[in-house]
Amino acid sequence: MAQKLNLLNLAVPPVTHRSNFPSTFTFGVATSAYQIEGGWNEGKKGPSIWDKFTHIEGKILDGSNGDVAVDHYHRYKEDVDLIGQLGFGAYRFSISWSRIFPDGLGTEVNEEGIAFYNDLINTLLEKGIQPYVTLYHWDLPSHLQEAIGGWTNRKIVDYFGLYADACFANFGDRVKHWITLNEPLQTSVNGHCIGIFAPGRNEKPLIEPYLVSHHQVLAHATAVSIYRSKYKESQGGQIGLSVDCEWAEPNSEKPEDKVAADRRIDFQLGWFLDPLFFGDYPASMRQKLGDNLPRFTPEEKEFMLQNSWDFLGLNHYTSRLISHVSNKEAESNFYQAQELERIVELENGDLIGERAASDWLYAVPWGIRKTLNYMSKKYNHPPIFITENGMDDEDDGSASIHDMLDDKRRVDYFKSYLANVSQAIEDGVDIKGYFAWSLLDNFEWAQGYTKRFGLVYVDYKNGLTRHPKSSAYWFMKFLKGDEENKGKKE
C-alpha cells in the first residue's frame, strides 16, 4: 500500500556530517534583491513592479513593503562579514534589473547600480566567498510592465537579453555562476493567474500564465546564447536557471494517482525544463491545456535545444501526496487544469510532515531526495545546485527574541534535508552545491515581515540589528566538520 510506502519514506536517515559531501561541494546562503536591499529609490534606481505592488493598500498581509527591507543596500559589508564568519563559501544573490537599467529598456545604464554590485562582488571575493548571481528574481522594471505589458509581450525576450548582456559585460570577469531566472513558475502563476504577487494580474488566468512562461523560457535561452557566444570563452563561467518543485507522491497505488503525481511534476519542472531539453512542453500539459499553451516555432525549438543550461538550480522546500480528481473546484485555474488534489494528511490522520509557519510548507525531507533523483534521471544527469532550501518561523509579535534565536526546528529541518541530499549523491545524482534560504530574515513577499526564514535574526524594532540564530551556529559547526563529530578529521 502507498500508505506504508509513505511511512517508510519518513524513516530518519543517518546523521550527516560535512565529510558526507565531496570536498569540492559548495555550501552557501541565498537572498534576493527586493527582499533584502531596500534603497528602493536610491542610487538612481528605477521603480520595479514590486515597488508599485507593495505600495497598493491591501496587497501585503501586514501592510509592509520593501522600501527599506533589511537595508542590505547600506549594510552589505556587514552582511558579507556574517557570511564569512559562518563559514559559507558562496553567496547567491540577485541583481535588481531596475538598478542597472532604471527603465528596463537599456537606453540608460545606471553607473551607480553597476558600482553597488561591483563593490558587493569584490567584497565577497576578498572574503573568499564565491558570488552566484541571479539575473531575475521577480522585480521587473515597472516601466516595462506599464509600457509593453511585461512578460506577456514577446518583446520582453529581447529586453531581457540586453539586460543579461550588460550584467555579463560588467560582472562576468568575477562571476562564474549565473542563474537567469528564479522560479519562473511563481512569476507565471502567482503573478499572472492568482494575482497575489506583482504585477498582481488575474484577469486572464487561462491565457497569461502560459504566455508569460513561454516568454520566460525564450528569455532564458536568449541569455544563454548571449553568454555562450560572447562571454563564456573569455570568462569561463557557467549558466543555468532555478526552478521550484514540491515533490508529488502518489496517494495510493491506483494508476490514476500515479499519473496525476507525474502530471503535477510536469506542471512544475516539465513546464520550464522540457522545452529546453526536449524542445516542447510535456504532453500532459498539452492534453490538459490545449491551445491555451503556446506553441514554439521549429526555429525556437532548435534555439532552445542549443541554449539549455550548464547546470540546473532546484528550489525545494516541501512535498505533497497527490490524488487524481475530476471536476473538483480548485484554488485557481492553474490547479483546476491539473485535475488533482494536493494532500498533506495521511489516512491515519498524521500530517505528511511538521508544518512550518507558512501554510504551504511541511517538513518532508525524503521529498528532496526523490526530486533530485527524478531530475537526474529525466534530464540526463545534469549538474544540480540546490539553490534554495529552508523553513520559516511565525512572527506574530508574541515570541521573545531569545525564543526566536533558539530555532531548534530549523536546525532539525536542515539536518534531515541535508541527510537526504547526501543520500541523493550516493544514489548517483550529480549535486554540486547547496544554498540555505535565507541568510537573513527578510520581506517574505505577500506575507510581508510576518514570516522569518533567516539563519540570522533581524530586529525590525531596533535598528535592523543582526543576531545569528542557533541554526547559523549549527551551520558554522557543520561546515567546520565537527557537528556531533568532535575531533574527527576531514
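Any Cβ shown, glycine's included, is placed from N, Cα and C.
Checking the candidates His74, His137 against Swiss-Prot: the one annotated together with Gln35, Asn182, Glu183, Tyr317, Glu388, Trp437, Glu444, Trp445, Phe453 at the beta-D-glucoside site is His137.
Annotation note: Tyr317 (beta-D-glucoside binding site) sits in a coil segment as assigned by DSSP. Just so you know, the Cβ of Trp437 (beta-D-glucoside binding site) picks up 22 other Cβ atoms within 10 Å once every protein chain is counted. Among the recorded positions Glu183, Arg342, Glu388, Asn420, the ones whose Cα sits within 10 Å of the Cα of Tyr317 (beta-D-glucoside binding site) are Glu388, in sequence order. Annotation for the recorded positions Gln35, Asn182, Asn420: lowest Cβ count within 10 Å of the residue's own Cβ, Asn420. Within the set Gln35, His137, Asn182, Glu183, Tyr317, Glu388, Trp437, Glu444, Trp445, Phe453 that the record links to beta-D-glucoside, no two Cα atoms are more than 18 Å apart, and one pair reaches that distance.
In terms of Cα distance, the recorded positions that sit within 10 Å of Trp437 (beta-D-glucoside binding site) are Glu388, chosen from Glu183, Arg342, Glu388, Asn420. Taking Arg342, Glu388, Asn420 as the recorded positions under consideration, the smallest Cα distance to Asn182 (beta-D-glucoside binding site) is found for Glu388.
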